[in-house]
Amino acid sequence: APVTDVQFGPMRLHQDQLQVLLVFAEEDEQSSGFRWACDKAGFRCHIARTPQSALECFLDKHHDIIIIDHRHSRYFDAEALCRSIRTTKASENTVIICVVQRHTDREESSILPLISAGFTRRYIENSSRMACYNELIQLEFGQVQAQFKLRACNSLFTALEKSQEAIEITSEDHVIQYVNPAFETMMGYQIGELIEKELTEVPINEKKADFLDTINSCIKIGKEWQGMYYAKKKNGDSIQQNVKILPVIGQGGKIRHYVSISRLCNDNNKVEKTCECIQAESQTDSQTCRHKDMRKGSLDVRSTTSRGSDGSSQRRRSSMARVHSMTIEAPITKVINIINAAQESSPMPVAEALDRALEILRTTELYSPQLGTKDEDPHTSDLVGGLMTDGLRRLSGNEYILSAKQTHQVAGSLSSPISLNDIPPRITQAMENEEQWDFDIFELEAATHKRPLVYLGLKIFARFGICEFLNCSESTLRSWLQVIEANYHSSNSYHNSTHSADVLHATAYFLSKERVKQTLDPIDEVAALIAATVHDVDHPGRTNSFLCNAGSELAILYNDTAVLESHHAALAFQLTTRDGKCNIFKNMERNEYRTLRQVIIDMVLATEMTKHFEHVNKFVNSINKPLAALEENGNNGDGESIKTVLRSPENRILIKRMLIKCADISNPCRPREQCIEWAGRISEEYFAQTDEERRQGLPVVMPVFDRNTCSIPKSQLSFIDYFIIDMFDAWDAFADLPNLMEHLNNNIKYWKGLDGRNLRVLRPPP
């Protein structure tokens, strides 16, 4: 195959034979022209007749050029196909051409819709072989070669990311555009805190303005500056650095970027130093300039700018200096200060270990484990991406309208509720063992014609004396349960009122465990049962990521943060308080109502998966480990010590959050047939979301949930391994749940058995 050499700065790149994918529904003169042109140009050519085969072929071959026929919409939607291709990582550097009809009898149409769909450029149909050949040659030496160079940039950024020297790149206007991990580590900042910030927004020592002028006078005329100075870290500490600042000449022969390369100085090197200006192009014409002892003042490496003398910059520097002098000490700050103090008297290996600990403590995601590459387990990666992020924030013209202006069911629009004493015999029989974990929610779903929440809610709330606590009548409770159930979507395969009833049942079961009863007050029990009932009300059957990507009204209302959970909690109180017939809170004393409301909201928000590991880790460290330590020290019978751990307000919050989290995703701990049924339902809901994402041209947040290719056993095993096992080990250690753990182990064996036979379905064939 032909190989082309491409010069990219000092890099010599070797480009393999170009691959072209032609997407034409049927053979005609235009497609024949491009096939001939590919042969003449020495390009490898593939042909696809349908969007599905085109997508599959591209994901297999990763073509450099894709040419899609947009002349005949009756065959397929070319723009939708282009959007689908653009959602894949592999298409990042692919050139996609749109073949359009030649119209001589009407005005030229805009190319913007094609650009928005992801096309690189259009080709007005011309079946002349030489016209097709000329188009391919222009692409090869134009867009394709440019994309090839961009691909090579990945290796350069990899080198920057792995460099042990701290590197910062700014624009010609001294706006920070990039810092590498070594810079983050050295200075204590996260990259998100610095990008698009002007250097003047970072604090400097104003006494060193003359020193800044020296640096600027060097780099503004295209010369390197090299020297030593003190920089101020985010925590206020001063560090001495050996710094080189290089201007980068770009378009028009002007300086377009500045690159700063820094490394820490050794302790024995803190003496008066020399700084140099070096010609950027040839590194000649060197000159030196002396500057005074810098130990008395600190200068921030990120503040080297020629605009530091204007009044606005002076004010910002003064404000930042005051911020750094504040004495607000959060607990994490105290921990960092203690470690810093310990480092001073520690031997080198210990000090280095403490340094690594400090790096971890200064990150924002303290509780989220880091996955390896996506290739290791795409099921886990997709589940994490779909459940633990709030979407790709991609703007879309396809607005997903949901709930903000939707009409919700209210008490007056429903039939009069039944009484606990009027429940039909079949339903009574279906609820006979509702206090047992093996209770079958699907039998109740069938008996109640998909209205299990009202009936199960009446029975469980009566058992826990909820009406007595709330001082409300049974008819008010019945009306409330009917309103809440009516606002669950029966059309959802998973997030419907049966799921709510299942979570309510699990919550009641956990509340009956001895350790939990020792811990929680009656108001906590009431809050937990209400939170379980409403925790997914008005769920649209789509994830938070989907709503954010689609630009839904709810995502806009809640700023792309905990969108659904915020909506469930808010709507639950709106539905409850707007009508006295179903307002179960109307007779409560104000302060007690506010306490109850706060606990309900906190528990509903705890079901949001982005903070899953934070909740689990806090539970383990604040409750499991202290209780285990008491048992190991022979204090098992020391009721006061255990009570201290269990009854502190902070720990009770953690226990309530853990309780509803475990109830919410307890499906893998149910008896096998229930576990299988729930797995089928959640898979179907994710399949439907993937279908809709592709229809709307949205990013596909969980690509493995494609109904044609998904392995349900693999997805279940990934979910269990990543989210379930550690959480239920911790909850079992606290609440003593041997039957749940036995079901969990049996279900893991079941899914592994199917996966071992390469089966992708819920059940083995007969």
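Along the chain as shown, the residues are counted starting at 1.
Keep in mind that glycine also has a Cβ here, set from the backbone N, Cα and C atoms.
Listed in TrEMBL for this protein:
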- 152-222: domain 'PAS' (DOMAIN)
- 282-323: region 'Disordered' (REGION)
- 288-299: compositional bias 'Basic and acidic residues' (COMPBIAS)
- 419-758: domain 'PDEase' (DOMAIN)
- His495, Asn496, Ser497, Thr498, His499, Asp536, Asp664, Gln716: AMP binding site (BINDING)
- His495: active site, proton donor (ACT_SITE)
- His499, His535, Asp536, Asp664: Zn(2+) 1 binding site (BINDING)
- Asp536: Zn(2+) 2 binding site (BINDING)
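This view paints the features noted in TrEMBL onto the structure.
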| residue | record | contacts (Cβ under 8 Å, 6+ apart) |
| --- | --- | --- |
| His495 | AMP binding site | Tyr488, His489, Asp536, His539, Pro540, Gly541, Glu685 |
| Asn496 | AMP binding site | Lys450, Tyr488, His489, Ser490 |
| Ser497 | AMP binding site | Lys450, Arg451, Pro452, Leu453, Glu485, Tyr488, Ser490 |
| Thr498 | AMP binding site | Ile441, Phe442, Glu445, Lys450, Pro452, Leu453 |
| His499 | AMP binding site | Asp536 |
| His535 | Zn(2+) 1 binding site | Ser500, Val503, Glu565, His568, Met603, Val604, Thr607, Ile660, Asp664 |
| Gln716 | AMP binding site | Pro668, Ala679, Asn747, Trp751 |
Checklist outcome for this item: Asp664 (AMP binding site), Cβ-centred 10 Å count of other Cβ atoms over all protein chains shown, is 23
Item to check | Asp536 (AMP binding site) CB neighbourhood, other CB atoms within 10 A | outcome: 24
